[in-house]
Structures are given as structure tokens and as C-alpha cells.
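Chemist: First the structure, which I've put down as C-alpha cells, then a few questions once you've had a look.
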Amino acid sequence: MATTSATSTVNTSSLATTMTTNFTSLLTSVVTTIASLVPSTNSSEDYYDDLDDVDYEESAPCYKSDTTRLAAQVVPALYLLVFLFGLLGNILVVIIVIRYMKIKNLTNMLLLNLAISDLLFLLTLPFWMHYIGMYHDWTFGISLCKLLRGVCYMSLYSQVFCIILLTVDRYLAVVYAVTALRFRTVTCGIVTCVCTWFLAGLLSLPEFFFHGHQDDNGRVQCDPYYPEMSTNVWRRAHVAKVIMLSLILPLLIMAVCYYVIIRRLLRRPSKKKYKAIRLIFVIMVAYFVFWTPYNIVLLLSTFHATLLNLQCALSSNLDMALLITKTVAYTHCCINPVIYAFVGEKFRRHLYHFFHTYVAIYLCKYIPFLSGDGEGKEGPTRI
């Protein structure tokens, strides 16, 4: 009887332990399921800064150290390449436009301002390289953070406005060739460029104020910092403004302009007019190819709580997509000089003349064998 009682006690204890374990597993499963239905939230150490610093709705933490680590290891090297090639290319564009093409019409003025916009953006890249490489530890002070963020957005908006104005300029030149001559003068060009930069600066004013703050550990983070009571409202309004100005507005204007231009060229084919719009058309297409993916992913990242119900793993994938598309978008600032060299016939001719006149002479002076007329030069050998 004693043995039976002991066995019964052991079985009861084992059954209780099993039931407790199963109940704990079930409770854990339920909590996990409920948590997965709630939108995830970003860690304060996330990579995304400035344009793409997305703060998800209040929920259980969703840490994404893999994205942060990848950004710190890869992005600074890519930004360095973009900085070097972009700086060289856009400086060449500025020199050639001023030295050879002359600032005598609206088109050349806008091309010059487009290069200056790219240069302004490029000059901020070394700071972002350092910031990302240091895992978001800003060491240059809050004032410089605000200034550089504002300059970033101002260069983006001025670039968009310049491309829009180049499209409108081509539209006027093709559709209203004679009438447009009154508006495509140097004076109108100067007024247009001044208004462009003023409007870009005005639209960038919030970025000069709502960036840079010090966390509880004393670290300065150069990220968007909005009033606590309405952080999500400010952030969504900011992203909506960026997407409207950098994607929707230029897309609508350029679609209408090129629709009318193509209809006119189909009715009255003109090789000269075709050449006149080819360069600007390629510049426009390149802009959308590089910036559209980023804008779409940014939209999903910001409004995903309303549009989608993402689990942490899917949210991490979205952040990785944001990292990739942002890097591609930043690469655009070194693309325009390449387009000019391959598509712009006049630019290519002036570029060749510049290298032949200034670069080749110095290379031959300091590297004699490049000139092909050294002392040991021999005549052709006859067989």
C-alpha cells in the first residue's frame, strides 16, 4: 500500500509538472501571438537618420542590430566613393559651364545650379560617414547637426526644382519656340535661380530646427527630434512633404510637359528639337530611377501601422530595404556628370577640349613618355 501511495504521489506530481509546463508554453504562445499583431518599434540605435528615421507605434521593442551593424560596416565606404567621384565630376561640370558653355541662357544656368546642389549635398557626406561608422554618436555639436541637415534638404529641394525648371524650359522651347525667347533670357534666369534657392531654403526651415538632441546617456544624436506630444504627427507630416515635393509634384509636372512635347514631335518631327530634349529627358529619368524606390519604401516605413500589419522580422526586412534604397538615392549626386559626358554632345566636346588644353599638357610635362617624342624615339622598323 505504501508503495502504491508513493507511486500515486509521484504520478500526481509529474502530472502537475506537465500541466504547469503546458500552461506556461500556451501562455507564452498567446503573448507572442498578441505581440506579433501589434506594430513593432524601432530601437533608439537604429540606423535610420534624418530622411528615414522612422519611429514605429508604441509596442514591444523590436531591435534591429543587424541593420545597424551592416550600415556601420558598409555604408561609410560607399559614401566615400560617392563623395570622391561626385566631387570630381560636379567640379568639372561647374568649370566647363562657366568656362566654355557660358552662363548666357536659362538652360546653362539651371545646369550650373544643379551641379552646385549636388556639391552642397556631397560636402555633407563625410559627416554622415563618420556618424554612421560611429553607430550614431554625433561628435560635432548640435548646431552643426542642424545646419548640415538643413543643407541636405535644401540641396534636395533645389535639385528637384532645377530638374522641373529644365523640363519646363524644354517644353517652352519646343512648343512655344518664338514666344519663349522673351522668358529664356539671362535676367529671367537669374531671377528664377534666386527664387529656386529661396523656396528650397524656406521649405527646409523645419529641418534646421527639428534635428539634434542629447539622450539620457549624454550622447548627441543627429536625428529628427519633434515635440513629444505629437511626435508621430510631425514625423508623418514631414515624410508626406518630402514625398510630395521630391516625387509626386515633379512626376506630375514632367509627365504633362513630356506628353505635350512628344505629341508635338510626332506631328512635326525635328532632329534639332529631339536633340534639345534628349539630355534633359535622361536627367529626369535618372532622377526617378534613383529616388523613387527610396520614396516608396520611406512611405511604407512611416505609414506601415496604417497600411500594413508588420511583424518584427518583416519590419527588419523593410528597414534593410530602406538602407539599400537610401544608399542608391544618395548615389544620384554623382550621376549627372556621367550623363552629360555620354549624352550631351556639346559638354563632351568642351570636356575633351578642357583635358587636351589643361590636363594633357601637364601630364606630358611631368610624364615625358606620354608625349611620344622622347630622345630615344626610333623610326618605324621595316621588315
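Using N, Cα and C of the backbone, Cβ positions are placed for all residues, glycine too.
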Chemist: Between CYS145, CYS152, CYS162, CYS312, work out which one Swiss-Prot annotates as bonded to CYS222 by a disulfide.
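Modeler: Within the candidate set CYS145, CYS152, CYS162, CYS312, Swiss-Prot assigns the bond with CYS222 to CYS145.
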Chemist: If contact means at least 3 Cβ pairs within less than 8 Å, sequence distance 6 or more, would you call the transmembrane segment (109-129) and the transmembrane segment (242-262) in contact?
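Modeler: Judged by the Cβ rule, the two regions do not touch, with the required three close pairs absent.
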Chemist: Which range out of 78-98, 160-180, 279-299, 323-343 gives the transmembrane segment (242-262) the most CB pairs under 8 Å?
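Modeler: The stretch with the most contacts is 160-180.
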Chemist: Minimum Cβ neighbour count within 10 Å among the disulfide-bonded residues CYS145, CYS222: which residue?
Modeler: CYS145
